[in-house]
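Colleague: The structure under discussion is supplied below as structure tokens; questions concerning it will follow.
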Amino acid sequence: MRSILLLSSGLDSVAALAIALDNSDVFMALTFDYGQRSVKKEIEYSRMVCEHYGIEHRIITLSWLSSITNTSLVNKDLDVPELSINDLIDGPDNITEDSAKSVWVPNRNGVFINIAASFAESHGCEYVIAGFNGEEAKTFPDNSKEFVNAVDECFSYSTANGVKVLAPLIDMDKVSIVRKAMELGAPLEYSWSCYHGAEEPCGVCESCMRRKRAFLASGFEDPHIKKRADFKR
């Protein structure tokens, strides 16, 4: 089974890669540059992940996507929402819904997965692997099982070899993802979750908070934070 992987270097995509390699041949990983704040970090860390596993890495530039996007992920005049762990656990639904709206990029996952399907078909790969997961599906519908099923139906018409989406995290929350990734020895020290692209993760954006909560609840120390702390000693 050969596949193309969507790789942002975030917790989910790195974990999905580790799981996929346990069961299949990942032919290539694709990282997308659509002008997001964290793009340099995503490319840097994705490259390290691919070097770790010996996988070909391609960067796909989508400058047109940033030009039609008014989101805090791209527009630096807009503030990226800051959340607390309590907001994620006990906060009202509108807090995470408002955060999701602030970082929403029009049809981003739809664009990414269709490009990946083109690579998959051209290289004789049967699957596109994505880090879609059950936790984020609650606020991002393009992470859901329904989205995956709809895309599979579309690909049955738009690809000659019937490419399918493989989402190994689709029923998992972030705590389960961390535990599985650590079990498989995924190089999470090379994963970048922050919406920002500063030298250090901000620690307060929704993505950082979900990662922080997941590691706390899992009982594991975050290898990325530990690696940076060790480097400073």
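The backbone N, Cα and C atoms fix where each Cβ goes, and this holds for glycine too.
What you see is a predicted model, and the numbers here were worked out from it, not measured in a lab.
Annotations per Swiss-Prot:
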- L7, S8, S9, G10, L11, D12, S13, V14, A15, A16, L17: ATP binding site (BINDING)
- C194, C202, C205, C208: Zn(2+) binding site (BINDING)
Colleague: Starting from each candidate's C-beta and looking 10 angstroms out, tell me which of the binding-site residues L7, C202 has the most other C-beta atoms.
Modeller: L7
Colleague: Round to a whole number and give the Cα-to-Cα distance in Å for the pair S9 (ATP binding site) and C194 (Zn(2+) binding site).
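Modeller: S9 (ATP binding site) to C194 (Zn(2+) binding site), Cα-Cα distance: 10 Å.
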Colleague: Show which residues of the chain containing C194 (Zn(2+) binding site), separated from it by at least 6 in sequence, have their CB under 8 Å from its CB.
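Modeller: Expected: S38, K41, P201, C202, G203, C205, S207, C208.
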Colleague: Given the binding-site residues L17, C205, and counting only Cβ atoms in the protein chains shown, which has the most within 10 Å of its Cβ?
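Modeller: Per the Cβ count, the most surrounded site is L17.
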Colleague: Could you name the residues, excluding L7, S8, S9, G10, L11, D12, S13, V14, A15, A16, L17, of the same chain that surround the ATP site, i.e. Cβ within 8 Å of the Cβ centre of those residues, in sequence order?
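Modeller: Counting only non-site residues, the set is V49, G131, S191.
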Colleague: Would you mind listing, in sequence order, the residues at least six apart from A15 (ATP binding site) in the same chain with a Cβ closer than 8 Å to its Cβ?
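Modeller: A15 (ATP binding site) has long-range Cβ partners G131, L169, I177, V178, K180, A181, L184, A186, L188.
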Colleague: What other residues of this chain sit with their CB within 8 A of the center of the CB atoms of C194, C202, C205, C208, the recorded Zn(2+) site?
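Modeller: Filtered neighbour residues, in order: V80, S193, Y195, H196, P201, G203, V204, E206, S207, M209.
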Colleague: Take the Cβ of S13 (ATP binding site) and count every other Cβ within 10 Å, whichever protein chain it belongs to.
Modeller: 24
Colleague: Look up C205 (Zn(2+) binding site) in the DSSP assignment and report helix, strand or coil.
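Modeller: SS state of C205 (Zn(2+) binding site) = strand.
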Colleague: Please compare the binding-site residues L11, C208 by how many other CB atoms fall within 10 Å of each one's CB, and tell me which has the fewest.
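Modeller: Minimum Cβ neighbour count within 10 Å, taken over the binding-site residues L11, C208, occurs at C208.
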